[in-house]
Amino acid sequence: MVSNSIGGGLAEAQVQIPSNATPGGYKANDDLRISLSPKPLLSDETPVVGFRERFSGILAQKVNWATLRKICNEWIKCPLNMVLLLWIICVAVSGAILFLVMTGMLNHAIPKKSQRNSWFEINNQILNALFTLMCLYQHPKRFHHLILLCRWKPKDVTTLRKVYCKNGTYKPRERFHMMVVIVLLHVNCFAQYALCGLNLGYKRSERPAIGVGICLSIAIAAPAIAGVYSIVSPLGKDYDSEVDPEAQDQILINGSNRRLSSEKRFSFASRNQNTTIEYSPVWKGGLFDLWDNIVVAYLSLFFTFCVFGWNMERLGFGNMYVHIATFILICSAPFWIFNLAAVNIDNETAREVLVLTGVMLCVFGLLYGGYWRIQMRKRFNLPPNNSCCGSPAIADCAQWLFCCWCSLAQEVRTTDYYDIVEDKFCRKKTDENSQPTLTPLPREEGSVPFRSSPTSLLWNKPGLSTLGAEKSPSSSTKDQFIPDRRLPEAKEEYSSRDADDCMKPPIWPSIQRE
């Protein structure tokens, strides 16, 4: 028996020597090496596998491909994400072609220098237009955030915290840190506008390289610094124990008051007979029922952007002016940018393609209204339209794309038809015939809440028969000048009833004029 200590453990093996082996032919080293090997201690471990198998095993354990595929499918269904993905693809393709041309990797495919210069300028202008459009679309919202930051009211603070603060909570010196981030984002936009002006205002041979380099560096560095700053600064950290003594308490108090007020309004809407929550609301009229409200139809036709922004703010989808400015830029900026970019391109075919692209992007800008129609339908549980490929989202976008004015008028009519309480549509106060309650005239002093329908409960009350006799002191003084009339007789006949307790109309001959 041979015993040996291996790694703190004791391994024991038996060396067997064949009887026919000579002492000189016995390979003691080989037998000892095999018998004293630590393999018996490691016999329970899995066998050694290759790098590829191990890497595949790690991916199989830590990446759930089915879940990832489901997340991607849900993400791509959002129209806004579709547009963002298309923008990324265009930037990637144009950037790759520009890089290949600059590095000379396409010299064999494009042997002429003039052709390479043309390809360089085309892709440069495309990239410039894409990044400029993105800045234009984001700038109204950034201006709005700057205004909120300067105004710094409790409601503004809450809105800014949701955007720039982690978990939307209070951070130390949050106003200063938000200002840094917002200023950097504005610097990014203005640097991109300057770069766009250099690319559109100068030909490639006359374009100042120093100015392009400075503007490009600032346009890239500013958002990158803003992103890093929002993470490493207090805006991206948790401060559970700290409370803002000036703003946080006020916001909490105001928030609780608003919540209680909302609960009161919500409970009132639930209990009131004439204002109830509509759990299955419908669109007010069809898509082409413009005559239901001709004023809304004309306003939607001639003031599309203003009416759209106004309606979005009523529905609680953001600031009216931000929607107006963004919608105008989406539907007009591509035309001007791509047409100006085509001026510096010598290739006639590429110039026509750029012009056509600008026009098409302006037309597809109407999908901005379709996107918010989808949000309106989902929030207020409006009935979907499955006429386009069985997808309500496609139908909403198609309605805005092919009949934007009709869609906007329908949305405005629907918003007017309901009251909005706690992101819910509620029925407005109406009588039994779906007619609005008539407000008493000033001379009636608001004493009797008349309704437009004579079949309402007010007319069936027995007390109505004594309405002429039971007057208020103020009204009795006004009737002093009226000569004596046969009011008791009229009252008696007016209040007379049949056997089945039905009211009878007054008898005309019995009413005498003085």
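Even glycines carry a Cβ here, placed using N, Cα and C.
Sequence annotations record features per position, and here TrEMBL assigns compositional bias 'Basic and acidic residues' to 481-503.
Per TrEMBL, the feature region 'Disordered' maps to 431-514.
Sequence annotations record features per position, and here TrEMBL assigns transmembrane segment to 84-106 (among others). Long-range contacts of the transmembrane segment (84-106) within the same chain, counting only residues at least 6 positions beyond its ends with a Cβ under 8 Å from a Cβ of the stretch, are 76, 116, 119-120, 123-124, 126-127, 130-131, 134.
What TrEMBL records for 176-198 (among others) is transmembrane segment.
TrEMBL lists 210-232 (among others) with the feature transmembrane segment.
The annotation transmembrane segment is assigned in TrEMBL to 290-310 (among others).
For 322-341 (among others), the entry in TrEMBL reads transmembrane segment. Beyond the transmembrane segment (322-341), the same-chain residues lying 6 or more positions past its ends with a Cβ under 8 Å from any Cβ of the stretch are 125-126, 128-129, 132-133, 136-137, 140-141, 144, 196, 199-200, 305-306, 308-309, 312-313, 354-355, 357-359, 361-362, 365-366, 368-369, 372.
Annotation comment: TrEMBL describes 353-372 (among others) as transmembrane segment. Within the chain, the transmembrane segment (353-372) has long-range Cβ neighbours (under 8 A, six or more residues past its boundaries) at 79-80, 83, 122, 125-126, 133, 308, 312, 317, 323, 326-327, 330-332, 334-339, 341-342, 345, 396-401, 404, 407-408.
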Intrachain neighbours beyond the transmembrane segment (290-310), with Cβ under 8 angstroms and 6 or more residues off its ends: 284, 320-324, 327-328, 369, 404-406, 408-409, 412-413, 416
